[in-house]
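Structure, as structure tokens:
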Amino acid sequence: NQTSPVEFLLLGMGNTPTFQIPLFLLSLFIYLATVSGNILIVVLVVSEKRLHTPMYAFLGTLSSLEIWYSSTILPRLLASFLTGDRTISAHGCIAQFYFFSSLGATECYLLGAMSCDRYLAICQPLLYASLMTWKVCLQLVAVSWVMGNLVSITVTTFLSQMNFCGPKTIDHFFCDFNPLVDHSCSDTSVLTVVSFTVSFLSIIFPFFFTLVSYVCIIAAILRIPSSVGRQKAFSTCSSHLIVVTIFYVTLLIDYLMPRTAPLRQLNKVFSFFYTILTPLVNPLIYSLRNREVMDALRRAL
């Protein structure tokens with residue numbers, strides 16, 4: 001559209017030349033550690049027969065998703081640190097938003113599926129093998145990917161029809177929904193309704209589903225008479241609970257925080273947590289707090 005800018009300028013983390021090289025090295029380390037750690041988890045889940053269970057199938061899928069999730073943001077950020085070119089084409093910006101939002105929504109659904117798996121394992125242990133079969137596991141994984149893509153396609157389709165005007169600068173380090181809507185000079189009432197509906201389906205609904213699952217899990221654990229039994233039961237879901245807490249707390253704070261100028265830098269900080277740091281710490285949490293994964297890693301080494 002002739003009224004829309006051909007490209008945007010992502011302000012990123014700021015325009016301080018002295019910090020560009022340190023930020024580049026830090027981002028490069030985070031990206032390499034994220035990719036290496038998650039690839040290691042995927043390789044262990046595929047190669048180790050003892051990990052061929054639905055729980056670790058979910059974990060391998062989550063790790064592969066995290067690789068793509070961080071790859072939608074960090075390579076572009078690394079290039080801007082290295083070259084100083086922070087411009088991105090309008091089509092590239094929309095494409096980045098599509099991949100980021102689809103992978104983020106898929107992760108929400110996948111975390112919900114993993115909480116369902118833990119609920120069955122702890123609250124219905126005698127029926128777990130018959131309820132959580134490989135067919136059910138693969139269906140939940142497939143539904144997570146399909147729903148994540150559907151909700152992202154819906155929002156991206158409406159967003160791509162908007163006319164953008166005003167300043168070309170986006171005060172963020174990637175093309176997120178709110179910064180793009182702020183630059184729209186079209187009527188955004190329909191887009192607002194669509195985005196609210198999609199946010200409910202892809203973020204709020206999986207969050208409450210996960211929350212209810214863990215309320216039931218904790219209630220079942222507290223009913224176990226022995227402390228050893230409670231500790232063993234809690235250890236099977238503690239890693240997933242930590243990952244869910246980090247991801248949803250930072251995500252919800254970022255999207256519910258008022259979009260005012262004084263809080264804009266704080267928005268970036270919370271975005272940095274759930275988009276970059278969460279994929280980094282996931283393999284550490286699952287490997288350090290999971291005896292079977294550590295045993296598989298020792299055998300592989």
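Here the Cβ of each residue, glycine as well, is placed from N, Cα and C on the backbone.
Listed in TrEMBL for this protein:
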- 20-44: transmembrane segment (TRANSMEM)
- 37-286: domain 'G-protein coupled receptors family 1 profile' (DOMAIN)
- 56-74: transmembrane segment (TRANSMEM)
- 94-114: transmembrane segment (TRANSMEM)
- 126-147: transmembrane segment (TRANSMEM)
- 200-222: transmembrane segment (TRANSMEM)
- 234-257: transmembrane segment (TRANSMEM)
- 269-288: transmembrane segment (TRANSMEM)
Problem - Interface check, the transmembrane segment (56-74) with the transmembrane segment (200-222), three or more C-beta pairs under 8 A - result: no
Handout entry: the transmembrane segment (269-288) vs the transmembrane segment (200-222): 3 or more CB pairs under 8 Å
Key = no
Completion exercise
When pLDDT is averaged across the domain 'G-protein coupled receptors family 1 profile' (37-286), the result is 86
Handout entry: Contacting positions for the transmembrane segment (234-257) when only residues 6+ beyond its ends and CB under 8 Å are counted
Key = 104, 107, 111, 114-115, 118, 121-122, 178, 199, 203, 207, 210, 214, 217, 221, 263, 266-267, 270-271, 273-274, 277-278, 281-282, 285-286, 289-290
